[in-house]
Amino acid sequence: MAGSGGLGGGAGGSQGAGGGPGAALRAPRAPLLFAALVLGAYCLCALPGRCPPAGRIPAPAPAPAEPPRAVRSPGTSGLPVASGSGRRRFPQALIVGVKKGGTRALLEFLRLHPDVRALGSEPHFFDRSLMPRTLDGQITMEKTPSYFVTREAPRRIHGMSPATKLIVVVRNPVTRAISDYAQMLSKTPGLPSFGTLAFRRGLGPVDTAWSAVRIGLYAQHLDNWLRYFPLSRFLFVSGERLVSDPAGELGHVQDFLGLKRVVTDKHFYFNATKGFPCLKKAQGSGRPRCLGKSKGRPHPHVPEAMVQRLRAFYRPFNRKFYQMTGQDFGWD
């Protein structure tokens, strides 16, 4: 009974406060009715035409697909390649040197060939992401003349692509050194004289620490490359013959690369003013074109005594280079 009374007392208290036995059930009806009204309004608005226009946000129409366009990568040549077609590869061929030997001329002449895709800039230890896209049958090329004299270059290039074909454009090292100095002088007019840089203590020993002299030690640089690549992977191009007979030298280069001889003597004419061959029809243009203003730049006067000293200095290195390559370049 005590338990019952307790329960009964609790019920009675609720009744008195709530106003009758159904009060506990009637109390939540107001919130439920409000929720029902909101839900009904939402359902009415969801029916077509029942909501104001401002409440509707039309879905954007999909953009029409754009067909791929034929593009030319900056600094490249050859046939146009559709954007996204082809693939980027490590170069199958490199022009690795030498500075002021004729590397720019060789690259520009080769770019006339439809199966050559060449990077215009000098990447200095090439990166595949920089290379132009090529189709099957096309050759990716690039040129960086400093490769030939950079000690680490052969190892790095071999590590990335040991089957790379290597092209070296060489020139009489005495003429090359003077041409190198002429380029330096055009950029830095206040340079010391050629003799001051090339020789120690007046007409003392030749200073091989000067880059213009050191580059011409072709045999030493080639020896470093032969530690990583066999001689069969090299083609040595005469810078002198590239001027006197560009079509002949280009023929050898195309053979070396396994290309059809497309670039021939019909593409060249000799510019007597510049003393250099020019293109009768440049790639992508119907107009003749010579290389930049720097080609044919006049050399500063170097006393004959200095020239003879340099010739004598280079002679044993040249002869070793002839033996290593099996070619006599006639610099002596």
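Quick reminder: no glycine exception, Cβ is built from N, Cα and C everywhere.
Here the candidates are C51, C290, and TrEMBL names C290 as the disulfide partner of C278. Most Cβ neighbours within 10 Å, among the binding-site residues G102, P298: G102 holds that distinction in the structure as shown. The Cβ of K100 (active site, for sulfotransferase activity) lies under 8 Å from the Cβ of P145, R171, R176, S179, D180, Q183, each on the same chain and at least six residues away in sequence.
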